[in-house]
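First comes the structure, then the notes that go with it.
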Amino acid sequence: MTASRLLETINSPADLRRLDRKQLPQLASELRAFLIDSVSKTGGHLSSNLGTVELTIALHAVFNTPEDRLVWDVGHQCYAHKVLTGRREGMSTLRMHGGVSGFPKRAESPYDTFGVGHSSTSISAALGMALAAKHKGEDRKAIAIIGDGAMSAGMAFEAMNNAGVADADMLVILNDNEMSISPPVGALNNILTRLTSSKTYNVAREAGRHMLGFAPPLLELARRAEEHVKGMIAPGTLFEEFGFHYYGPIDGHDLDALIPTLENLKKLKGPKFLHVITKKGQGYKLAENDPILYHGVGKFAACDGIQSAKGPAKLTYTQVFGDWLCDMAKADSRLVGITPAMREGSGMVRFSAEHADRYFDVGIAEQHAVTFAAGLACEGLKPVVAIYSTFLQRGYDQLVHDVALQNLPVIFAVDRGGLVGADGPTHHGTFDLSFVTCIPNMTVMAPADEAECRKMLSTAMTIDGPSMVRYPRGSGTGTIPEAKLDTLPVGKGDIRRRGKDIALLAFGSLVAAAVAAGEELDATVANMRFIKPLDADLIVELAGNHSLLVSIEENAVIGGAGSEIERVLAERGLQVPVLRLGLPDRFIDHGEQGQLLAELGLDKEGIVRAVRARTNPQ
């Protein structure tokens with residue numbers, strides 16, 4: 001068999017397990033080259049996937065997947081797993097509409113045992129699977145693979161606390177690729193881990209504990225001595241305190257260390273914790289040198305790497321926010337910025353450099369981020385929490401209980417509102433208008449273009465209470481914001497076009513499509529701007545001289561802005577029909593943003609079609 005054809009023979013982990021162990025390094029080399037070539041053509045998460053090639057091979061070589069459950073945290077590192085579990089050919093459709101998902105997805109493969117996209121869920125899920133197996137009398141393993149960044153979230157520690165008490169038969173693998181909690185790794189650590197994970201060592205360890213149990217002082221002395229020695233060679237004391245047996249750290253790119261260690265741990269019972277050191281971008285120098293740039297990439301030439309865009313490009317909403325944040329910080333010393341580990345994605349790189357003392361990255365900890373902001377607001381500061389819509393869900397109780405209930409002036413700059421594209425249902429921001437608008441004291445805004453986004457952010461600074469500015473991924477109409485920090489009148493919309501008979505009431509990202517549809521329908525078009533407080537006067541005015549009102553929003557139609565329009569009409573006894581256009585009551589799959597909007601009838605043509613179907617039923 002030629003070296004170049006080794007990967008082509010792997011259509012399932014069973015094929016992998018039939019290989020000679022000496023062939024696995026070659027398989028890793030081929031798999032890494034395949035991922036670089038494949039992702040360069042489709043885009044996707046690259047550096048994190050290159051860092052887990054050997055770990056993925058070792059896991060599928062040792063464990064009987066899918067009978068044994070592998071649970072990947074976040075999912076950014078699942079591409080090698082997908083290739084080895086029968087989806088190699090499908091990788092050419094990665095993150096495309098109707099193609100392979102960029103994250104583990106239960107409906108896609110039995111090897112994807114738990115759907116994921118957000119962080120820090122793996123230990124909880126694997127614990128549930130482990131205890132279910134115990135309850136059903138089934139002999140199978142549950143393994144959670146979690147990154148060091150995801151370990152900063154409280155949910156991970158809640159799960160570990162529970163797992164230690166439950167004495168669950170599970171394995172947690174810490175994929176540590178940032179060296180944030182690790183000493184240097186070398187041969188000594190690998191040898192020690194193989195030794196301490198062996199059956200012989202652990203049988204002797206338990207026998208010794210049993211014997212010393214008859215002499216409690218000696219048992220306590222032995223326990224302290226063991227912890228002291230471990231503390232000298234490995235940072236595992238914290239995990240031992242949770243009731244886990246800690247092993248590592250070991251080199252996550254050394255198959256000769258990984259496989260024997262995993263084989264040993266497979267034989268041991270109870271909660272186990274393996275600390276593995278990997279390198280983001282491993283094997284591709286460009287990604288090794290800049291793992292953040294190559295974390296999530298578009299299409300690129302593998303030989304040249306990511307190239308800077310040529311020519312002027314439209315400002316993205318994220319850039320508009322980042323520029324505003326720096327400008328407002330110069331104008332108002334009360335402003336501070338907070339991000340839950342999304343500095344680059346949320347547009348805070350420049351702010352973090354220019355105002356380092358006013359910039360707070362709290363890690364992957366959305367709950368903490370929101371309440372931390374509340375504490376800052378209590379002391380007279382103006383905290384701005386930059387967060388993706390989908391991640392705001394994780395801090396909902398804190399938004400209600402710690403911010404809104406106390407009417408604290410925290411600004412939420414909510415990026416990725418609406419459909420985000422290739423990342424799919426775990427990352428679409430489809431619910432925020434519904435779940436934030438219902439909270440008392442909140443002011444909720446959605447800009448129609450980049451210039452309006454800047455004005456809304458400035459408006460939020462003037463509001464003595466919590467507010468949210470919600471904007472989409474990418475660029476808008478190309479409107480260039482002025483350098484001024486102008487504001488808007490709170491709760492007032494704007495008529496973009498005067499027509500007759502039909503009024504289109506559009507919110508945020510869909511105003512441009514509504515204006516285009518209004519031209520064809522000769523309809524009035526209103527840019528509503530504020531979801532809360534709604535411009536009730538404008539709604540009543542439009543209801544008085546139009547026979548049909550059409551609400552248009554890139555949010556779940558249930559409980560969204562359209563429902564609020566109907567509430568206003570009902571409270572005033574106005575019986576004008578309302579056609580609500582928005583996202584349907586289902587999770588939207590991945591695909592290009594424009595393609596998804598067209599499919600859901602939220603582009604110009606879809607709006608025209610829906611209105612004509614309502615006014616001229618066949």
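Each residue, glycine too, has its Cβ placed from N, Cα and C.
Annotated features in Swiss-Prot:
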BINDING   His76, Gly117, His118, Ser119, Gly149, Ala150, Asn177, Tyr284, Glu366  thiamine diphosphate binding site
BINDING   Asp148, Asn177  Mg(2+) binding site
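Listed binding-site residues: Asp148, Glu366. The one with the lowest count of other Cβ atoms within 10 Å of its Cβ is Asp148. Most Cβ neighbours within 10 Å among the binding-site residues His76, His118: this distinction goes to His76. The Cβ of Asn177 (thiamine diphosphate binding site) has 24 neighbouring Cβ atoms from other residues within 10 Å, across all protein chains displayed. Within the set His76, Gly117, His118, Ser119, Gly149, Ala150, Asn177, Tyr284, Glu366 that the record links to thiamine diphosphate, no two Cα atoms are more than 32 Å apart, and one pair reaches that distance. The Cβ neighbour count for Gly149 (thiamine diphosphate binding site), using a 10 Å radius over every protein chain in view, is 21. On the backbone, the CA of Glu366 (thiamine diphosphate binding site) and the CA of Asp148 (Mg(2+) binding site) stand 16 Å apart.
The two recorded residues, His76 (thiamine diphosphate binding site) and Asp148 (Mg(2+) binding site), have Cα atoms 13 Å apart.
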